[in-house]
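Remarks on the structure that follows.
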C-alpha cells in the first residue's frame with residue numbers, strides 16, 4: 001500500500017476482543033489505515049467511547065431500539081459520525097464505498113449477512129466470523145470469487161496456513177495442513193472430570209483472551225472442529241487433508257506439509273493483533289504492537305493427538321464436513337444453543353456435544369444451494385436443540 005490512499009476499514013463487532021485488537025493495529029498506522037465504520041450489537045456506551053477515540057464516518061448499533069441513544073450520544077460528543085441502526089444498515093454499509101476493507105468480527109450466525117454483503121461488493125474481507133464459513137462456506141467463497149473479493153482469515157491457525165501457502169506457488173503441491181490446538185483449559189481430563197466443569201472454568205482460556213462463547217468452544221474442541229470446516233472452504237482441501245495436533249504452548253499456529261516432504265510452519269506469540277496486521281497490510285508487513293518470539297525463553301514445543309473420546313465435538317465437526325450440505329449449518333446452530341444453555345447454567349459441560357449430536361442425527365441433510373436453505377437448516381437445528389433442552393429441564 002506504499003504511496004496509496006488510506007485503507008478505509010469497517011470494524012463489525014468493534015466492542016468485542018477482536019474488534020479491540022483491530023482498532024489497536026489501525027490506530028498505530030494513521031498514515032495508511034482509518035476506522036471508517038464501527039458497529040456493535042447492543043453496547044451503545046462502549047460504541048460511543050470507540051467513536052470518540054477513532055472518529056469514524058459511520059457507527060451502527062444492531063439493536064434498533066438503541067438508535068436514539070447512539071444518535072444523541074454522538075451529538076453530545078460533538079462528533080460528525082453518522083448514526084445507523086439495524087441489520088439492513090450494517091449490510092448496506094458493508095457493500096458501500098464507506099469502506100474498502102471489512103473486519104468481520106460479529107459473533108455467531110448474525111454476522112453472516114454483512115459478511116456476504118462485503119463479499120458481493122468485492123471488498124477485502126478480514127474474516128474472524130467463523131460461522132460465516134461453517135454455515136455458508138460454499139456460498140461465501142463462490143460469492144467472493146465472482147465479485148473479486150479477497151478473503152484473508154484472521155483466526156491464527158488459518159492466517160498461518162494462508163501465510164505458508166502464499167510464500168510459494170503451492171498449487172497442487174500441498175499434501176496436508178495441520179491445525180494446532182491449545183487443548184483448552186481441560187486438556188488431559190477424562191469425561192468423569194469434565195462432567196463437573198463450570199462455566200467460569202470454561203471461559204478461563206490458558207493462552208488466548210476471548211469472549212465467552214469462543215472460550216467454551218475452545219474448551220470443548222468445537223472451535224477446532226469449526227476451523228477444520230473453515231480450512232476446507234478457505235483452502236479448497238478435503239477433510240482427509242486436514243489434521244489437528246494439540247500444541248499446549250500455542251506458539252506454532254499451523255503447519256503446511258508439501259508433496260516434496262517440506263513442512264512450513266508459522267510461529268508467533270498468541271496475540272490476534274499479528275493476524276489482523278497481516279490482513280490489514282498484506283502483502284506488506286507492518287508493526288502490530290506484538291513482540292517477537294524468544295524460543296530460548298519458551299524452552300520447548302510439545303505436540304500430542306487430540307482426545308476425541310473426551311472431546312467428541314471435534315469428531316462431530318469432521319462428521320458434519322463429510323456429510324456436507326446443510327450438516328455443518330446444523331452443527332453450528334445446535335452448538336450455539338447448547339453453549340448458551342451451558343453458560344446460563346441450564347446444562348452441564350458434557351451436554352454440549354450430546355445436544356449437537358442429537359441435532360445432527362435428528363435432522364435430514366439437504367444440499368446447501370441457497371442462503372434460504374442454510375438459514376432454514378439453522379432455524380430447524382435451533383428448534384430441535386431447544387426442544388431437547390426443554391426435555392432435559394423436565395427430566396433434570
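Backbone N, Cα and C atoms are what each Cβ position is placed from, and that goes for glycine too.
Taken from Swiss-Prot, the feature NADPH binding site covers 15, 16, 17, 18, 41, 129, 131, 211. For residue 15 (NADPH binding site), the Cβ neighbour count at a 10 Å cut-off comes to 21, with all displayed protein chains included.
Cβ neighbours within 10 Å of residue 130 (1-deoxy-D-xylulose 5-phosphate binding site), excluding its own Cβ and spanning all shown chains: 25. Look at Swiss-Prot and you will find 130, 156, 157, 182, 205, 218, 223, 224, 227 tagged as 1-deoxy-D-xylulose 5-phosphate binding site, backed by sequence analysis.
Positions annotated as Mn(2+) binding site by Swiss-Prot: 155, 157, 227. In this view, residue 227 (1-deoxy-D-xylulose 5-phosphate binding site) is surrounded by 30 other Cβ atoms within 10 Å of its Cβ, with every protein chain counted.
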Using the residues the record lists for NADPH (15, 16, 17, 18, 41, 129, 131, 211), what whole-number Å value is the largest Cα to Cα distance?
-> 18
Minimal Cβ count within 10 Å, across the binding-site residues 16, 41, 211, points to 211
Between residue 223 (1-deoxy-D-xylulose 5-phosphate binding site) and residue 17 (NADPH binding site), the C-alpha gap once rounded to whole angstrom | 16
Within 10 Å of residue 18 (NADPH binding site) (Cα-Cα), which of the binding-site residues 130, 157, 227?
-> none
